[in-house]
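**Q** Quick one: structure below, then a few questions.
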Amino acid sequence: MAYQTRGRDPLLDSNMAQAIEKRGKELLGLALLGMAVLSVMMLASYTAEDPSWLSSVDTPVQNWLGQTGATIAATLFMVVGWGGWGVAAVLAAWGIRFVLHKGQERAMARVIFAPIWIAVLSLYAASLTPGAEWYASHSFGLGGIFGDTVLGAVLGVLPIAAPMGLKLLSLCLGIGMLALGAFVMGFERAEMARAIKLALLGCIMAYSAVIALATRGASGAAGAARSAQARRSERRAEAPGAPQPALVQPRMGRSAHAKVYNEADAPVLQAPVRAPEKPAGGLLARMPSLMRKPEPMPQSEWVEIDATAQDRPMPGEDRIKEKIADVIKSRVRQAPSMHMPQVASAAMRATRRGPMPLVLDTARPARLPAEPPLTAPAPSTAMPAEPPLTAPRAAAPSMHVPPAPEPADADDEYDVDLYARDFDDDEAVILDEHAPLPAQPAPRVAAPEAKKVVQHVPRKAPAPSTRAAAEAQPALQFEQSAATKYELPPLSLLSSPDNITRHHLSDEALEENARMLEAVLDDYGVKGEIVSVRPGPVVTMYELEPAPGLKASRVIGLADDIARSMSALSARVSTVPGRSVIGIELPNDNREMVSLREILSTRDFGDGNQKLPLALGKDIGGDPMVANLAKMPHLLIAGTTGSGKSVAINTMILSLLYKLTPDDCRMIMIDPKMLELSVYDGIPHLLSPVVTDPKKAVVALKWTVAEMEERYRKMSKMGVRNIDGYNSRVADALSKNEMFSRTVQTGFDDDTGEPVFETEKFAPEKMPYIVVIVDEMADLMMVAGKEIEACIQRLAQMARASGIHIIMATQRPSVDVITGTIKANFPTRISFQVTSKIDSRTILGEMGAEQLLGMGDMLYMAGGAKITRCHGPFVSDQEVEEIVNHLKAYGPPEYVGSVLEGPDEDKAGSIDAVLGLGGNSDGEDALYDQAVQIAITDRKCSTSYIQRKLAIGYNKAARLVEQMEDQGVVSAANHVGKREILVPER
């Protein structure tokens with residue numbers, strides 16, 4: 001009974017498998033940490049007196065891990081010395097990484113260098129000088145026997161003195177040990193940078209803590225001194241008969257915005273005792289104030305008003321503000337400050353929102369002033385001689401207060417805040433809510449414009465060629481004669497690109513897709529940023545700037561998952577050559593058709609200097625792509641059925657027909673399917689009818705090989721290197737009505753012995769390019785694989801200079817069709833959509849073709865270089881028929897009969913000999929004569945016997961025996977396989 005197993009679900013889903021994998025890594029990390037702890041215990045408790053396999057003593061084992069730990073520790077210290085601690089460090093580092101899931105994917109690539117690091121650590125330890133206790137119990141240095149031996153050898157090689165060399169070597173080994181240790185433990189640049197930042201931050205915090213403790217001690221001592229002074233003052237005041245202190249005139253420097261009230265009439269209110277304020281800001285902000293000595297306070301803070309300033313016409317409030325600013329600046333210059341500008345700014349912002357708070361004395365009871373009037377005094381036009389000591393609490397609505405100028409820098413705001421906080425203990429004032437200068441809001445600085453992710457390259461229509469511009473102009477139609485000169489087909493036979501609907505996505509939609517793609521990548525653990533979006537006619541490429549340390553192969557492997565998450569048909573992910581970004585190509589919702597006429601009308605095709613131009617289509621940005629078959633020099637095309645392969649071959653043929661005349665280019669079309677290329681039968685460019693029989697295809701390819709050999713003979717006579725040089729010589733000769741002549745030596749004179757020369761003359765004849773088009777290679781390989789492969793190999797290797805080029809297509813890109821020999825001689829390849837990654841690797845050498853969209857979507861690899869995505873143009877069968885009918889109107893083609901009939905026997909034998917397909921060459925004739933001589937002399941003939949005697953292969957020996965049987969030298973094999981020699985013994 002057979003069970004259905006293909007459709008079953010896996011035993012564990014992906015989430016469960018990932019969870020098991022994570023728990024397994026954590027267990028592995030815990031095991032490594034346990035081994036690291038055991039290693040530390042073993043090495044930390046090592047003593048030379050413990051028994052080991054090197055020494056046997058009666059003393060008890062002191063190692064914490066017993067006899068086993070003592071033995072292992074003694075071995076490590078003897079071999080690598082203190083380098084044995086590297087084992088514990090590596091185990092601990094990777095144990096922590098596996099437990100925390102940090103960088104465990106690079107474990108194997110880093111741990112493999114652990115022995116090298118331990119060796120470097122041993123060398124560094126050997127370069128250090130041990131103490132007397134170490135030498136008392138060990139016969140080697142800190143680096144063990146390995147470190148001492150290698151260090152001595154290195155010091156002997158250095159060309160400097162041993163002491164200096166030891167110091168330099170120790171320095172270099174220390175640096176290398178640290179760098180290699182960080183590499184072995186899996187650290188990367190980002191992690192090292194974070195570690196250095198944390199170390200610096202720790203040093204700064206430790207320094208700040210020490211300074212803070214010292215400052216707290218100093219401030220505590222100062223507070224204790226002030227308390228003692230206060231207690232002494234109180235005792236003196238309570239003592240009977242104590243002298244009363246003289247009254248000191250209060251400072252009135254800030255009376256511009258304050259009002260002093262009679263203390264006798266004011267009620268007394270006990271203010272809550274306030275804890276001393278902590279200095280604001282950090283250590284660095286307090287350092288200038290801590291180190292600056294306080295200056296003596298001024299005797300009087302009255303500000304002398306300049307007479308010239310009084311004469312200036314200025315409103316009263318502006319003059320008050322000016323005085324306040326002067327007093328503030330003088331106070332800040334004379335008294336140290338312990339406040340940060342940030343705190344001052346916050347206080348200043350608070351003052352702008354409401355009135356200044358009531359400032360009370362925190363040391364003794366304060367007297368609350370009487371409530372000032374709520375209404376402001378009427379404004380007067382005359383300027384008073386003295387500014388008023390009180391300011392109105394609230395300005396009347398009708399009063400116009402001119403806005404104060406904005407402070408030049410942050411110091412002004414800081415000074416105002418200091419003034420608001422710096423009252424004497426015996427002062428109780430109320431500041432007006434308009435006392436701080438109402439600063440105008442700072443002008444908003446325009447935020448820098450964010451970099452646009454969507455890069456819409458304006459798609460301009462390509463510049464038309466000279467021919468396209470000429471055909472666009474209306475021309476007079478004259479009656480043409482019967483014998484009309486050949487003309488290239490007009491572009492009007494192709495459909496106009498104006499009828500194509502153009503689709504454009506908005507920038508908002510593209511931006512939204514980019515953000516969605518970033519979210520999808522983040523779900524799969526891929527960190528990065530979409531830095532650019534390049535929309536095209538068929539696909540849109542999103543350029544991903546990956547995070548440091550992210551492998552491109554990881555993103556490339558997520559192509560199917562990205563397509564599923566983005567609800568796309570497919571997604572292709574590849575690196576962008578020459579840039580640090582990864583390109584993610586997603587298909588557009590509305591695909592734009594590529595027109596062949598649009599590409600043929602461009603200057604790249606019409607006015608270019610390509611010998612054999614091929615219109616490939618448009619790239620992902622919408623720019624036309626035109627390739628030169630003469631530079632390729634051969635083209636291999638692969639793709640599944642329906643991927644657009646046959647349409648692409650039609651566009652390539654039409655490209656040649658629109659550019660070249662029959663005198664410039666001839667074609668041989670091989671179509672085993674008998675459907676795709678049969679429509680071109682009868683055009684003047686063909687050398688033979690379209691070949692549909694695979695056996696005839698072999699004959700046509702052999703004729704092409706013979707034509708190549710003949711062309712090389714002609715070019716060697718002219719002393720040129722390629723077909724372009726030969727045709728230029730022919731054009732010069734035809735313009736001068738001359739014949740080609742060549743002087744050759746035919747021998748020597750019998751009488752004089754001098755060489756004899758003859759002049760050989762032959763007519764100049766232009767050689768056209770020959771393009772061989774094979775539509776389906778797999779069918780030919782099944783019928784005559786060996787002969788087809790030999791012909792294709794010979795042409796691909798040698799036919800470039802002779803002007804013969806091959807365009808070969810197959811729908812089965814397997815290794816039995818595209819063999820290694822064919823693949824090596826076709827560096828330029830085009831892959832349409834294929835079914836598997838294996839087929840993509842076969843044709844291109846990398847994955848990606850399986851992610852294409854079909855219908856002309858292709859990957860173009862030029863000469864083994866970078867791969868470019870291209871969208872092939874579409875041409876309908878009706879357009880092809882109209883162009884073919886236009887070409888047939890110029891008369892029947894001039895076929896070459898020998899293309900399908902084959903050469904004579906002599907030429908056929910020489911061609912087979914060149915291709916290695918059999919036939920008797922001179923060497924084989926000599927080998928046959930030797931085999932006959934052996935059979936007659938030894939009176940014995942068998943395949944194995946001839947093989948041993950002539951030291952040849954079995955197949956060749958069997959062929960020689962069969963040939964001798966055909967010639968009547970030996971008889972046929974009997975029932976036991978023996979043959980009789982029919983030729984009598986000589």
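Cβ atoms are placed via backbone N, Cα and C, with glycine included.
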**Q** Looking at 368-411, 456-499, 896-939, which one is region 'Disordered' according to TrEMBL?
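**A** Going through 368-411, 456-499, 896-939 one by one, TrEMBL flags 368-411 as region 'Disordered'.
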**Q** In terms of Cβ proximity under 8 Å, which residues at least six beyond the ends of the transmembrane segment (68-95) contact it?
**A** 29-36, 38-43, 45-46, 48, 50-55, 61-62, 104, 107, 111, 114, 117-119, 121-122, 125-126, 138, 140-147, 181, 184-186
**Q** Taking THR640, THR641, SER646 as the binding-site residues to compare, which has the smallest set of other Cβ atoms within 10 Å?
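**A** Candidates: the binding-site residues THR640, THR641, SER646. Fewest Cβ atoms within 10 Å: THR641.
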**Q** Just to be sure I understand the packing, how many Cβ atoms besides its own are within 10 Å of the Cβ of SER643 (ATP binding site)?
**A** 25
**Q** Take the domain 'FtsK' (622-841) and average the pLDDT across it for me.
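**A** A mean pLDDT of 87 is what the predicted model shows over the domain 'FtsK' (622-841).
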**Q** Given the binding-site residues GLY639, GLY642, and counting only Cβ atoms in the protein chains shown, which has the most within 10 Å of its Cβ?
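**A** It comes out as GLY639.
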**Q** Around the ATP site formed by GLY639, THR640, THR641, GLY642, SER643, GLY644, LYS645, SER646, list the extra residues of the same chain whose Cβ is within 8 Å of the site's Cβ centroid.
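**A** What remains near the Cβ centre is GLN811, PHE832, GLN833, GLY854.
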**Q** Any same-chain residues 6+ apart from LYS645 (ATP binding site) with CB under 8 Å of its CB? Would you list them in sequence order, or say none?
**A** ILE637, ALA638, GLY639, ALA809, GLN811, PHE832
**Q** Could you give the residue numbers and ranges of same-chain residues that sit at least 6 residues beyond the transmembrane segment (168-187) on either side and whose C-beta is under 8 angstroms from one of its C-beta atoms?
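**A** Distal contacts: 86, 89-90, 93-94, 97, 103, 106-107, 110-111, 113-114, 116-117, 120-121, 123-124, 127-128, 151, 154-155, 158, 160, 195.
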**Q** At a C-beta cut-off of under 8 Å, are there same-chain residues at least 6 beyond the transmembrane segment (139-161) that contact it? List them, or none.
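**A** Here the qualifying positions are 76-83, 119, 122-128, 130, 168-169.
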**Q** Check the DSSP secondary structure of LYS645 (ATP binding site), expressed as helix, strand or coil.
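**A** In three-state terms, LYS645 (ATP binding site) counts as helix.
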